[in-house]
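Reviewing the structure listed below.
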């Protein structure tokens, strides 16, 4: 926390406030007098306004400031530094008689005044005219230019003991200074101030303290800008001697010692003392705010050095290091928060790049003893240098640079060496000026001397020159003039004409061979061959240029072997015929070729592509989807003797005459040097090969069974073509050396695959994920290997596993995939199911409990497809009741050709249905688009040992996707083909059930009677529609999801949508997209476009889809073409369109149409997207529950890990993460005690309502008479506009209630005036001290009333910390990140932000009232909440344990608890409740004294109690310091409010331990009549807290009417809110809550008349709920239909149709 009880201010304040009144008064007088003296002495010198940050910096240099800094100045910082040096520092070094040089008369006058009381200082003045402006500055100045001969100054020297020169010496050269000192005869001490940036001597070209000054260097001139402003700037020469001279001689040969007295910024105070004394050899200058530019990381644009302020960069750097994943946006946002109108674009660009480098650099490493390898590696890189490290190990170089910058991220320090500078010899024939020292090197040769002369000629400006010190003066120096001239001649002789762009090779020709083909590392275990330079085309030229060796030239000119072309005849039969032996050869693949495997049809041929790993095969002009890898191809490669590297197979079936022109199989997916094997079956063909260089063509005739091999490298040197002579001839082409499929780019992924995040492959980085690798540890133990070894193996076999481990744990499907990749058999035992995978190793049994995997000695179980499916957490168990009528109706539609195209009267299929009485158990996997609802099922069917399964898909394209992802032993068919055969499958999977015709599931169950039926789909997407059978199947129309009964899970997250997707408030895990929604009119090349109608699709042609056609597909990007037809689309259709793209979604819409759709569109989702709003999580849940009432929505993917990853939830708020105690939760079993419950059957008669509630808005006053007019303007609390999309209406239920919004300034100021009180800290402390002791007496009354005993133990604090932590992070990740600013450590703990609570004041007594003040909300820093939150929870628990059963604290409890309490303890309608006035504001220092007593009773540590006291006394906000009061939103608000309420009630009423009472904050209720007590009237009168005693037959508690029959909410309130939500379009978000509240009144039945409730409003409300009952969860809807014999509403006999009644009736 920013304020500590141990701080100096608090410690002194404690002593101060505990003193006697006389001592406190004396201290005040003493300090006030001292302050007055200081302000008087410094008046006018330090009154200029500067930011607090600069004030803090300058205070550290000893500067004082006025308490009222109100004056303005063009350059206030420089002005106050000058004043400090002139008036505060310099006088300390003056003598009694001081001669002041170059200082205005006004300043000397002020010097006399400011120092009149300190010493008797006499000042003599001397000014000279040099610059033109001196005529305006000085009054009696002299025109003397020669510093060494200032006659008038020398005349005044006799009267002085010291000379002070003000800001002039910086213009003097050393010679001038020496001559000036030589002119002095009496004075032996000169004090002088200068302005000279020390950065100049360190070689910097810009200021390192830019807040105080900046400068420019131009032609050895320095232009100095005070405060960086041109106003007041001046030019001076660059004089190195100013800071570097320690001693010198004057013109008379006398020694002078120069010493620095003080430095602030560029202002220095020096003294020159006659004589030679000890002085410093160097001075350190560190009063800068800029990080050393030489230590700053250089970016790609690092041309100039960056000058970055440390106070901005250091907090931002620490913030980025705290983030789990630093990003540029967060970095710039943090910098913006710190800068506060001092923005610097260089800093913004730097932190943005810094964030990216931190994210990309493996900065953190293990600590501990280094191993030998790391020591040698570090030593090697240290010796080799940074350039070598950068070339050969860029990650190491980046990490070193970043670590170096972090370590050196401090303000700059400059060390200036000082030396003796001798005097100038009078009468010398040369002038010493700016000549670099050159020391003769005896070993220097002629060329080096020439080089020196060149440097001198090029770099020096023609000036008078000499040398400062001549070594060996008087001796002769031999100059090798002839050698120098000869060297010039040699250099000129070898110069040749410049050649541009001519390649030069700097290595031997033999070494050059390796640059033509080398390996590139793709991953930890994968490499690919590549070329750095192109191959040699002209051998003779290459030989002459030395590019190739003679041996290589001979090999190229006279090759011993050509690229291998092998022709293999598999038999000796006549060409064109097929013998018996041919049939035996390649038998399996021959059968495969005859099947309907060909997925695409091209000109003259059909194509089928197979691969072991790749999803797709692309080439110029087309691409083919992989069909997996058939077992027949394995047999083919074995017959041909090929290894597993041949992983691509292209099967083509030709027509007679079909051909392909000359081409080479050199697609990017194949590496150079691979072989191509072609098998010719079922016919003859001509195969021609052409050499690229010579054009020579070789022709081969292929017959049935021939195999043709093109050897390595042939695709780079030859081309080939083929012509088929036989209809049905098949060509099978096998390829190897494909690019590693793990390294393929994202745009080559299957459109059905979800994007995966890239993996940091460093194993060291994965060590911190040990908690997520429980199964890998089990693998390691089982294989008897170390965990790092297993990680390395897994990284090579299944990188996806490590990606998921890094993300917090891997899924169950990934565990199965890993088992298959390692050929490692496992048996998985779960709480609901069992599955096993085949393999060649000893089987490992794994037990999964609560997301944790551990090995155990298990035995193989008998589990099938159902048991394997039940292992998945996203799989639910439901029941489906077959409707034989719907099944028969659909079968007849198939038979008549109305539905589908394959089945009909001539192909009836197997659609015989039988009677099925009992509901059929079904397994479900329902989820959001991209949630992976089919992934677990596909994993089982691909890798697990299960019987043959039939998969039914509604469309062919979805069928092809299933075929590619599951084992070939299973059958995948479209929805019609499913009835054309038996298939022999006992288990059936139906995909995308929403796209199937109504009655389809009924027909499948009736016809196939499966053992296990699995249903997959998404209720949020489109449903089946066809014009051909729309009328025929109209009677069967249904919501198929609603027919599946049971508590079914729904996966509400997406692997498809990008991580930065803001359309939906769910977790999205796809690859980030630069932009998610873009409004554009242009369609990208080949981009899929989604339109509303089939007519538009047919008009536009290829690449256009209707919404329903895209369901189940995904695209890299897509365009949604909006027209007027989208206004009629449902939310489900819009959901499909918005979830098809993994990247960008383009929306084509005109501005006029967009505005129209926002107003009139039927889809709420479409409206929100067009308005740029997010579809909230609650809206998604409501949409799901409309179709699946009892669903359990899962917002996070189930992971196999040892612990819950709370850190991932807090990733967006790293500071909050550091404040919370992240405990591993220990599940404790709650002991359930069954209590006897007497059921009360209710028979409710729904009478007709007169709907009097509708008349309420018609009695309202006009808006202008209800609003308040304040100094801040008129309030805006009454809504007379009505509802969006409707005509303005001032008489709606909205207008009944006041609406407080954050943009209503007038209401906010009214609320501040009413709710807040302001007082400074000292006043709060005094008032708190005066009332000390009253809290102890009040709490004693409370303890006596409830007979509280002293406690010696408290509930477990760790448990309370866990509950507090879970409460803080139960919010969505996005919301936590949004409030991350409250976790900023720079937020002071005693500072809070005040907001107006946005709410609609729906209370019965507030209907139709005039505008009133709202409720203020206080926003505290998270440091305060986390400091006190857990211990306050512990205290509240302890209080509850001490209170009797009859006393209820209604907090975080269900309505049923309050209802149960009322039925137990309330005996009559009469009750007592208290109505407090300004409850929060009234909790002043007296209540604080009470709170301290309560905290001591509950054993709070004294230091924590003192900290709580200080925080309450020191509260402040932007409006000022606050008095002691309670704030809504404060830590412990509910607890302290409740305690205060209870203590007040104990003093106000005659009550005891057995009096039943309810408390909740400022609400209190007790059955019956409480007698008012007068015993403590005097004490209560002292309190600001006042209460009105309210006794009535209609008592209220927390908005509930209390009665012996239970609780009931005022029905008019619920009905008003219902109608507002209904017409606002938000009813789905609050429907459940309104129904629950209304159910308590509904269950009272005839007792409603006893409670005296508005029965007419209650009946209207219940009728509204019953109409919407089908949208409620089953448990809630059951509250309104408990009785089987419930009667229909009067006048509404037709409300429940037979179908609806049967659908919702409780079985």
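Note: Cβ is positioned from N, Cα and C throughout, glycine not excepted.
Checking the candidates 720, 725, 782 against Swiss-Prot: the one annotated together with 663, 665 at the Fe cation site is 720. Counting residues per DSSP class in helix, strand and coil order gives 45 helix, 24 strand, 43 coil for the domain 'RdRp catalytic' (1469-1580). Per-class residue totals from DSSP over the domain 'Fe2OG dioxygenase' (645-738), listed helix then strand then coil: 4 helix, 50 strand, 40 coil. Residue 663 (Fe cation binding site) is surrounded by 13 other CB atoms, counting those within 10 A of its CB over all protein chains shown. Between the C-alpha atoms of residue 720 (Fe cation binding site) and residue 729 (2-oxoglutarate binding site), the distance comes to 18 Å. Those residues of the chain, other than 663, 665, 720, with a C-beta within 8 angstroms of the mean position of the Fe cation site C-beta atoms are 660, 662, 664, 666, 676, 715, 719, 721. Its Cβ placed at the centre, residue 729 (2-oxoglutarate binding site) has 24 other Cβ atoms within 10 Å. Set side by side, the binding-site residues 665, 720 differ in how many other CB atoms lie within 10 angstroms of their CB, and the most is found at 720.
Residue 663 (Fe cation binding site) sits 20 Å from residue 729 (2-oxoglutarate binding site), taking the Cα positions as reference. Looking at the domain 'Alphavirus-like MT' (66-242) alone, the prediction's average pLDDT is 88.
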